[in-house]
Amino acid sequence: MGFFFGMIIGIAIGIGLIVAFARAERIRSKCRSDLAKTVAAFARMTVQDSRKLLPSQYYPSWAASELIKSNVEPILEQYRPVVLSSLKFSTLTLGTVAPQFTGVTVVESESVAGGITLELELQWDGNPNIVLDIKTRVGLALPVQVKNIGFTGVFRLIFKPLVDEFPCFGAVSYSLREKKKLDFVFKISGGDISSIPGVSDAIEETIRDAIEDCITWPVRNVIPIIPGDYSDLELKPVGTLEVKLVEAKELTNKDLVGKSDPFAAIFIRPLPDRTKTSKVIDNDLNPIWNEHFEFVVEDSSTQHLTIRIFDHEGLQAAELIGCAQVKLSQLEPGKVKDVWLKLVKDLEVQRDTKYRGQVHLELLYCPFGIDGNIVNPFDHDFALTSLEKALKHESNETDSLELRKTAAQKKKEVFVRGVLSVTVISAEDLPVVDFMGKADPFVVIIMKKSEAKAKTRVVTNNLNPVWNQTFDFMVEDALHEMVMVEVWDHDTFGKDRIGRVIMTLTRVLMEGEYQDCYDLDIAKSGRIYLSLKWVAQHKVRDT
């Protein structure tokens with residue numbers, strides 16, 4: 001854990017060297033162009049040049065160790081997993097190997113008027129002596145040594161604002177722009193930490209999450225050089241991400257008796273208070289959650305949404321089933337993206353190709369500042385019909401602000417009411433289920449929350465049936481309702497489910513009406529064509 005703070009100190013030293021270099025060049029004209037020339041000189045440095053500028057004696061490890069210890073232990077406590085009661089250093093020295101800068105680049109696309117952005121590639125194969133004192137909830141004390149640390153990454157330095165006063169910039173912001181490699185191993189004095197279930201994974205996850213959230217872009221740490229207000233350089237929200245956790249399928253079973261009890265942990269930044277956790281679905285490898293979460297977005301071009309699926313183990317540590325990520329840059333603002341994500345064991349290193357199941361998400365990114373052009377059904381104003389909006393407009397401004405504030409704080413209490421029309425058009429390439437080589441398909445539509453149902457006619461002896469039947473459903477709470485479309489085979493002696501499609505109403509709420517084709521889940525093959533239409537009911541809600 002201490003190594004990344006060692007790198008922060010190294011970056012601070014590098015900043016000092018930049019300032020010293022500027023002094024050596026006798027910058028006296030107080031012009032912005034002089035700083036640009038200085039930074040450009042750094043960009044032309046070779047690896048050997050950078051090593052000369054940063055010899056090992058500049059790293060006062062004897063002084064840095066206590067500084068690291070006093071700063072890191074509170075962060076360890078913040079990210080400490082529930083299976084541990086304490087996590088502290090008993091020994092911490094940085095060793096004799098200094099980090100090395102292996103590349104320097106000026107980021108032209110980011111170096112706009114008023115600032116210059118520099119990226120430094122840093123490599124460290126350190127030999128520190130780091131021992132963590134760990135105590136578990138059951139009272140077991142474990143001295144854990146962190147060994148074989150290897151790190152390669154790119155740090156970003158932003159010199160902004162440029163000023164007419166020496167040293168020509170008011171502040172420096174630094175961040176870990178890219179983490180290319182991060183390796184380390186744990187060893188218990190006199191034993192193997194892997195023999196204690198859950199502890200090694202919990203510690204490793206703690207370290208990686210802390211690095212991800214403390215210094216990884218878009219998080220940035222601002223160091224004032226000239227006194228002033230630099231709050232505009234700090235990290236700020238740029239939008240919200242609405243996430244519907246719909247379902248998962250074919251999850252790996254982690255239990256010896258029965259089936260796993262899956263739940264999900266979802267985050268953009270892995271802060272404890274910004275990680276959302278779903279409910280536990282008992283004894284089910286194809287769970288349906290239908291839960292909605294909202295996340296703050298700070299940089300849609302670089303951030304990603306992470307989801308981890310766990311098996312709930314009661315008082316013991318939950319066991320990871322698999323994880324997945326979605327880049328926010330893949331989302332079109334204001335458009336619902338429906339995705340199935342394949343679960344993997346590790347997002348950093350592809351350790352194996354074992355199939356662990358899939359998770360179904362519905363994503364909607366809403367940037368700030370363009371509210372009039374984007375319809376967000378989870379916004380409290382969307383829940384108001386035209387009549388309600390007219391009545392609300394007539395109320396006084398104070399009451400209106402209070403209503404908005406209350407609704408924003410209690411989104412789960414907002415109801416969107418209306419009529420949903422579902423047209424079952426056709427299906428194609430259905431799997432053979434009858435002995436005679438055909439099927440007798442029909443479709444059942446189920447509203448999961450209200451439990452309302454409708455059924456199409458049976459089309460006999462056909463793997464590409466056409467129905468063209470429309471069914472209307474009164475929906476009282478569209479934001480939390482789901483439509484389950486199940487394709488069945490009718491048989492004289494019973495019924496067999498061929499496959500299903502599960503969808504939320506988010507898209508139809510935004511678009512009003514659409515038609516699409518869906519692959520059938522839990523089926524060897526098959527697709528179904530559906531048309532959905534939404535008509536809001538004009539009724540005044542109680543406020």
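Backbone N, Cα and C define each Cβ position, glycine as well.
Features reported for this protein in TrEMBL:
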| type | residues | note |
| --- | --- | --- |
| DOMAIN | 35-226 | domain 'SMP-LTD' |
| DOMAIN | 220-341 | domain 'C2' |
| DOMAIN | 399-518 | domain 'C2' |
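Mean pLDDT of the predicted structure over the domain 'C2' (220-341): 90.
According to DSSP, the secondary structure content of the domain 'C2' (399-518) in residues is 23 helix, 58 strand, 39 coil. Helix, strand and coil counts under DSSP for the domain 'C2' (220-341) come to 9 helix, 55 strand, 58 coil.
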